[in-house]
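Remarks on the structure that follows.
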Amino acid sequence: MSPAAGAPGSGPGRRRLPALDVRRFSPVRKSRPVPPRAPGRALEVLVLLCSVAAAVAAVAQPLALGRTLDLLLRDGDAGWWLPLSAALLLGELLLDSATSLFTGRCNATWTASVRTRALRGLLRTAPEHARPYPPGDIGTRLTLNAADAGGAPAARAALAASLITPLGALVALALVDVWVALCVLTGLPALALLLRSFARDTGATVAAYQRTQSLIASRLLEALEGADTIGAAGTGERERARVLAPLAELAAQGRHMWALHGRALGRSGVLVPLLTLAATAVGGLRLAAGELSVGDLLAVGRYAQLTAGVGAAASLLGAIVRAREARRRTRELERMTATVYGTRRLPPNGPGELRLCGVRVLRGGREVLRADGVRVPGGSTVAVVGRSGAGKSVLAAVAGRLIDPDEGYVLLDGVRLDRLTHEALRTEVAYAFERPVLGEGTIAEAVADGARRSSRERVRQAARAAGADGFVRRLPHGYDTPLPRAPLSGGEHQRLGLARAFAHAGRLLVLDDATSSLDTATEHEVDLALRRSVRPGTRLVVAHRPSVADRADLVLWLEDGQVRAVGTHRELWHTAGYREVFGAGAGAGAGAGAGAGADAGAGADAGPGPDSGAATAVGGSGPGPVRRPEPEEARP
């Protein structure tokens with residue numbers, strides 16, 4: 001793994017894409033298609049009308065100019081044909097200008113619409129559904145691909161007009177002289193085959209180009225997040241090579257794409273003059289035979305150019321092909337499976353009892369969590385411990401319905417989480433994470449934002465409970481300091497995430513490794529404030545330190561995705577496997593007690609001991625004895 005992958009040195013100052021954490025606070029509703037914005041449709045129609053009108057003016061011009069020339073040569077006065085010709089020229093110029101104006105607005109409007117729908121689809125889904133898409137890939141889809149896809153409506157309108165021009169010119173040419181029209185018609189199949197081949201070959205190349213572009217963007221974002229680690233390790237050149245490794249493939253696809261484009265333009269550039277020359281030659285012969293006038297010959301030459309101009313549609317066709325591939329990529333985000341909420345609410349004044357019934361979570365066909373009959377009493381604090389990959393974060397996500405289990409269900413105060421309304425769930429379940437995403441607003445806004453916006457006083461109380469009030473007040477503008485201008489350390493950033501969770505604490509509060517960047521003394525102070533200053537409720541804490549597990553009422557020990565045992569920290573410490581989770585090993589001995597390996601002072605306000613009544617209320621499908629591991633003799 002590259003140093004960027006873990007990004008331990010990325011720090012809070014390096015903003016991550018809010019792909020996952022924003023979703024946790026987004027008002028997700030039942031999935032339904034988002035209709036296109038009406039202004040985009042109106043602008044598309046305007047582009048089409050202006051393009052078609054310009055094409056009609058272009059087709060009418062040669063006839064008017066030819067008639068004007070004949071009248072001037074014969075009578076010296078063209079009458080109303082001269083101002084008509086001038087009006088057609090001026091009209092085409094104005095219509096082309098209007099087309100350019102409306103095309104720009106149409107592209108911008110549709111790009112915003114595509115980007116909004118893709119982003120909504122991303123925010124509606126559960127985090128595990130977005131996990132296969134790296135942040136760089138998502139960023140590319142929402143920026144470059146959305147812009148390409150947004151240009152499709154205007155490109156289609158322009159393509160339709162570009163086809164009207166040669167078809168109208170061919171009809172007008174047939175009205176002037178059928179023999180010249182037949183001459184031009186013989187060359188059109190070659191142009192049609194040219195466009196068909198260009199569209200077929202370009203599609204695969206554009207798709208490969210966009211995939212490679214997304215891969216480079218993803219690797220670059222990883223490197224930027226881990227820039228501190230890369231600099232400290234001195235692996236900048238290696239990371240540069242890793243990020244740019246796909247560049248050769250990108251260059252090859254880009255050269256191939258432009259080669260196809262150039263080949264199409266080159267071939268059409270040969271065919272168009274040949275057709276024009278042939279039409280002019282036939283027209284000259286017809287003029288010599290007395291079948292055409294000088295004005296008719298002028299019209300014939302111009303109509304031959306317009307008819308053969310179908311080859312100019314290659315660039316528009318290329319834009320449509322790129323837009324089609326880009327739209328396919330943005331539509332993948334738009335159509336992601338949405339989280340559906342129910343209509344029920346929690347019973348009032350519930351204690352926050354949590355039950356996991358027959359829960360199984362699979363990833364890639366592999367079981368990462370199995371929890372059946374696990375009951376957490378309301379108002380208790382339960383530490384979730386286990387080795388890396390044991391399923392701690394998965395259990396924390398399932399407990400508050402950040403993800404839905406593949407089998408089974410979760411109850412909160414007797415109500416299934418998947419049957420709760422979004423407001424009921426997010427009001428009563430709060431989260432704090434290892435790397436909170438706080439946005440770009442002020443500190444007060446970051447802490448206050450949630451399912452319900454917290455008051456200023458509640459924000460301050462939550463900040464004091466999280467140990468953040470002191471350093472926030474020392475900032476130049478206090479709570480009104482914009483986060484991008486706040487020089488926060490990793491621990492301070494994490495404390496603001498805790499403050500946000502405390503400000504919105506309901507009957508269930510889940511701390512997913514949310515104190516990993518705090519020193520042990522600060523962590524202990526936060527734990528005390530959590531018990532005294534935050535709304536009472538059930539706490540589910542993903543713990544990596546023995547001191548945290550010791551202060552909890554109960555410990556839920558996970559191993560290989562399954563519940564190994566449930567009990568107090570002091571009871572489980574008698575098991576060598578449990579001690580090894582904290583790196584204590586068998587040599588620590590059962591007599592080391594709950595505080596073994598804990599940080600200094602962490603046990604000052606430890607939770608209940610082995611005789612606590614809370615121990616008998618957790619572990620099975622109902623009240624009963626705690627499931628404990630088989631005791632192992634401590635080795636000296």
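The chain as shown is numbered from 1 upward.
Using N, Cα and C of the backbone, Cβ positions are placed for all residues, glycine too.
Summarising the annotation, Swiss-Prot assigns ATP binding site to GLY386, ARG387, SER388, GLY389, ALA390, GLY391, LYS392, SER393. Here Swiss-Prot flags 607-618 as compositional bias 'Low complexity'. Residues or ranges marked as region 'Disordered' by Swiss-Prot: 589-636. Among the features that Swiss-Prot reports, transmembrane segment is placed at 45-65, 78-98, 175-195, 269-289, 297-317, with the record citing sequence analysis.
With a threshold of 8 Å between CB atoms, the same-chain residues lying at least 6 positions outside the transmembrane segment (78-98) that come near it are 46, 50-51, 53-54, 57-58, 60-61, 64-65, 67-68, 71-72. Sequence-distant neighbours of GLY386 (ATP binding site) (same chain, 6+ apart, CB under 8 A from its CB) are LYS392, TRP557, LEU558, GLU559, ARG564, VAL581. Within 10 Å of the Cβ of SER388 (ATP binding site) there are 7 other Cβ atoms, across all protein chains. Within the group of binding-site residues (ARG387, LYS392), the Cβ with the highest number of other Cβ atoms inside 10 Å belongs to LYS392. The ATP site is set by GLY386, ARG387, SER388, GLY389, ALA390, GLY391, LYS392, SER393; from the centre of their CB atoms, other residues of the chain with a CB within 8 Å are VAL394, LEU558, GLY561. If you take the C-beta of GLY391 (ATP binding site) and look for same-chain residues 6 or more apart in sequence within under 8 angstroms, you find VAL361, VAL368, LEU369, LEU558, ASP560, GLY561, GLN562.
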